[in-house]
Structures are given as structure tokens and as C-alpha cells.
Amino acid sequence: MADQLTEEQIAEFKEAFSLFDKDGDGTITTKELGTVMRSLGQNPTEAELQDMINEVDADGNGTIDFPEFLTMMARKMKDTDSEEEIREAFRVFDKDGNGFISAAELRHVMTNLGEKLTDEEVDEMIREADIDGDGQVNYEEFVTMMTTK
């Protein structure tokens with residue numbers, strides 16, 4: 001499974017992993033797992049985290065080593081592009097339910113995820129995803145953004 005990752009992705013995951021491997025012993029605790037995954041743009045629910053941990057933490061010692069982490073991230077990334085998850089993510093961003101993600105809505109969600117972005121950064125994210133140039137992101141644009149790597 002992990003062999004489907006690019007070298008760049010593996011390097012990115014290694015960097016994130018080591019940020020949370022505080023004592024440098026090559027393992028992270030399960031409670032740190034959610035934080036690590038969110039830093040990589042994933043947004044697992046508590047139930048998903050528990051499932052992933054149960055699948056990966058074979059000896060039940062509450063820690064995950066890097067190879068286990070890679071396998072899990074590869075599995076998670078493969079699942080992430082499912083249409084329903086993308087639709088659900090869009091609904092999370094589209095606070096007022098009007099079918100568009102505005103700069104304000106994007107800023108709100110990113111702030112809740114702990115990402116303190118400047119107005120310029122938020123505007124840049126909107127511009128990158130905003131194919132028709134109307135200043136906001138519709139569902140089709142969101143799908144394109146989420147599925148192009």
C-alpha cells in the first residue's frame with residue numbers, strides 16, 4: 001500500500017511524523033495521531049481515528065511507528081477521494097449552504113483547524129480554486145481542487 005506513495009509524499013509524511021515524535025524514539029502515541037493527520041490536510045473523525053489505530057497498532061501498546069503510519073496514510077489517502085467524503089467536506093466549508101465557498105467561509109474553517117491565515121493567503125487559495133473567476137468556489141471547482149494532486 002505504502003509503495004503507491006511518491007517520494008515527495010513519503011518525505012512530507014516523515015517530516016510530519018517526526019514533528020510529533022517528541023522523544024525521537026520512532027513512535028508516536030495514538031492521541032497524537034489526529035493532530036498529525038490534520039497537519040497533513042486529513043480530517044478524520046474520532047471513530048475513524050480509533051478504527052485506524054486498531055488496524056495499525058497490532059500489539060496494542062498505544063504507539064505507532066513510521067512504517068505503520070505510512071501504511072495508514074496511504075490507505076486514508078486512497079479513501080479520501082470518494083465522492084461522498086468530498087461532498088461532505090464541501091458542506092462543512094459552505095456554512096450558509098448557498099452552494100459556494102466564500103473567502104470568509106474558507107477563513108472560518110481554516111481558523112477552526114488551527115490554520116491562522118492572512119487575508120492574502122485566503123484570497124490566494126480561493127483564486128487557485130476559482131476556475132470561473134467569480135470570487136468564490138462552487139462544488140465543481142471544489143471537486144477539481146480536491147481530486148487534482
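Numbering starts at 1 and runs along the chain as displayed.
Quick reminder: no glycine exception, Cβ is built from N, Cα and C everywhere.
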Quick check on the annotation: Swiss-Prot has ASP94, ASP96, ASN98 binding Ca(2+) 3, so which of GLU88, GLU105 does it put in that site too?
GLU105
Sort the residues of the domain 'EF-hand 2' (44-79) into helix, strand and coil with DSSP and give the three counts.
25 helix, 3 strand, 8 coil
Restricting the comparison to the binding-site residues ASP57, ASN61, THR63, which residue's C-alpha is spatially nearest the C-alpha of ASP25 (Ca(2+) 1 binding site)?
THR63
Return only the integer: C-alpha distance in Å from ASP134 (Ca(2+) 4 binding site) to ASP57 (Ca(2+) 2 binding site).
47
In three-state DSSP terms, THR27 (Ca(2+) 1 binding site) is classed as strand
What is the three-state DSSP composition of the domain 'EF-hand 4' (117-149), stated as helix, strand and coil residue counts?
20 helix, 2 strand, 11 coil
